[in-house]
Amino acid sequence: MAGAIIENMSTKKLCIVGGILLVFQVVAFLVGGLIAPSPTTAVPYTSVKCIDVRKNHHKTKWLMPWGPNHCEKLKDFDEAVSRQIEANDIVFAVHIPLPTKEMSPWFQFMLFIMQLDIAFKMDNNLKENAEITLDVSLAYRDDMFDDWQEIAHAIEIRKLKCTFGSPKTLESEGRHYDCDFLPFMEIGSVAHKYYLINIRLPVNEKKGINVGIGEIKDIRLVGIHQNGGFTKVWFAMKTFLTPSILIIMVWYWRRITLMTRAPVLLEKVIFALGISMTFINIPVEWFSIGFDWTWMLLFGDIRQGIFYAMLLSFWIIFCGEHMMDQNERNRLSGYWKQVGPIAVGSFCLFIFDMCERGVQLKNPFYSIWTTEVGTELAMAFIIVAGICLCLYFLFLCFMVFQVFRNISGKQSSLPAMSKARRLHYEGLIFRFKFLMLITLACAAMTVIFFIVSQVTEGHWKWGDMTIQVNSAFFTGIYGMWNLYVFALMFLYAPSHKNYGEDQSNGDLGVNSGEELQLTTTITHVDGPTEVYKLARKEAQE
């Protein structure tokens, strides 16, 4: 009777904890959906055509599109022809941000894409697979009257992919091609108030540079940066969640060290998962408000990669420790076939990211998508990653199904037990199933997050209320990962309670007063717990 009362209390506590975590999960979604603005903002810029006829001008002067020291402007290229101004003397200037505005470190990053307005002309046709060469420079200043300081200068090549929907006749002259957007620039911090971009299209007919690219009328840029309001909400969440996970980690590891045995594999993996979650949570981004840390985007990718690898590895080990034979359990080497591909995939992702954002630390205009080899490699990587993600999810579902089937099969031994002990084991099995379902739900939400993050952000209108969908997913999924790790360490911390029952050894050979814990992988000094014997898959089956 005492065991039944204790088990009922334990189940009640589990329901209470689950309810509290669910409330926090809903709050995490609502914070992003109702409080935070959309994660990013896109701002269109149209370049101003400036005249600069001095030799080596790109090394000595910056041309401003507007302001007290603005450049001499061209209305269009017909004016340049009438004034006999060569293409090499024309500079496309873009000031960031627009007039009367300032950039802010809260914007975190800047991403720019380029669109070219190319007109059809019979005597200046756009060749197939044409390439455009850009001589680009980026500068900054923090006061409208300071001199511009150069950040980067590069000569980049972009391949034009354009279509023309009308017949190429004299009647169609002046109509514009439909051209794809081109990757232009990405910078991992917004530490200054004003930025200036100067773009030149050098022409060299002998070398075939910028020949056969059609008649370029305008260069347009679209700048994307993180919203300052979303950044503040994101930083606040990180600042709140960091001590929460740290406290539960200390409590969890202390419970383990008080045991007379050594930590088992699942306990170590859960603790490692907590470390990787803490690594993501630590709000080092606060320093980016005061320092020009352009490597923050790359650092963020590395942190997420470590957590994803640890999360995927945990799911495999968690299911495997409920399925594997006793001889194979509690050893990481027993999972090399499943964990090995995760490690290889994570390493490939790291190399890929270094080839993109690593190079952009020195040259923000670089993009792996600008070459055929780079584009094919990137597309192949994304396709393979998507296929692997789907296969992994299916494999995880299969493993969870196997665990449920094994536990259900072992439940046939429960009727032979006394009522108190049967209730105890039924409670443990219920908690195993509950946590497996939560794991499956988290995996599904991770896949949904991956898909939604690839789709254009939007919002829902609900009466007078606007719900930012993307912001809700960002904060909700981030909160879910934290709550999941918190729940794991809370539920799987070893128990130091002894349930003394006046039992014989007839209940499947379990001695009374043995230590009971919420995991199938806890090993006593004398061997595995009886719950593991109930749940494990025997090798001979």
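From the backbone N, Cα and C atoms, a Cβ is placed for every residue, glycine too.
Going by TrEMBL, these are the annotated features:
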type	residues	note
DOMAIN	48-226	domain 'Wntless GOLD'
DOMAIN	227-496	domain 'Wntless-like transmembrane'
TRANSMEM	233-253	transmembrane segment
TRANSMEM	265-284	transmembrane segment
TRANSMEM	296-318	transmembrane segment
TRANSMEM	339-359	transmembrane segment
TRANSMEM	379-407	transmembrane segment
TRANSMEM	428-452	transmembrane segment
TRANSMEM	472-493	transmembrane segment
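Same-chain residues lying 6+ beyond the ends of the transmembrane segment (233-253) with a Cβ under 8 Å from its Cβ atoms: 28, 31-32, 35-36, 270-271, 274-275, 277-278, 281-283, 285-286, 471, 474-475, 478-479, 482, 485-486, 489-490, 492-493. Remote same-chain residues near the transmembrane segment (339-359) are listed as 186, 188, 297-298, 301-302, 305-306, 308-309, 312-313, 316-317, 332, 366-368, 377-378, 381, 385, 388 (criterion: CB distance under 8 Å, separation of at least six residues from the stretch ends). Here the domain 'Wntless GOLD' (48-226) returns a mean pLDDT of 87 for the predicted model.
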